[in-house]
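Data first, discussion second: the structure below is written as structure tokens.
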Amino acid sequence: SDTIADLRELQPAAKDFEVRSLVGCGHFAEVQVVRERATGDIYAMKVMKKKALLAQEQVSFFEEERNILSWSTSPWIPQLQYAFQDKNNLY
């Protein structure tokens with residue numbers, strides 16, 4: 001239906017961001033500096049491979065980290081701006 005397609009277009013996706021540089025890389029994820037195409041705003045984006053998270057049973061870690069970044073008001077913890085996923089990755 002058109003309504004579902006319209007809602008999907010409103011959801012953020014990796015295509016909405018331009019990768020500027022790689023900050024770091026680990027076993028489960030990499031962190032990139034990205035620019036949001038619509039606004040030009042610069043963000044750090046963590047890209048986590050679903051396969052690696054599932055293989056190491058780290059899904060609860062991802063959920064906990066997302067909750068901390070969403071709810072924290074500490075000036076020392078970055079504020080979560082977006083959380084989304086595609087077939088292979090969590091962002």
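Glycine too: its Cβ is placed from the backbone N, Cα and C atoms.
Here is what TrEMBL records for this protein:
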- 17-91: domain 'Protein kinase' (DOMAIN)
- K46: ATP binding site (BINDING)
Exercise. Count the Cβ atoms, other than its own, that fall within 10 Å of the Cβ of K46 (ATP binding site), considering every protein chain shown.
Key: 23
Quiz item: For the domain 'Protein kinase' (17-91), what does DSSP give as the number of helix, strand and coil residues?
Solution: 19 helix, 28 strand, 28 coil
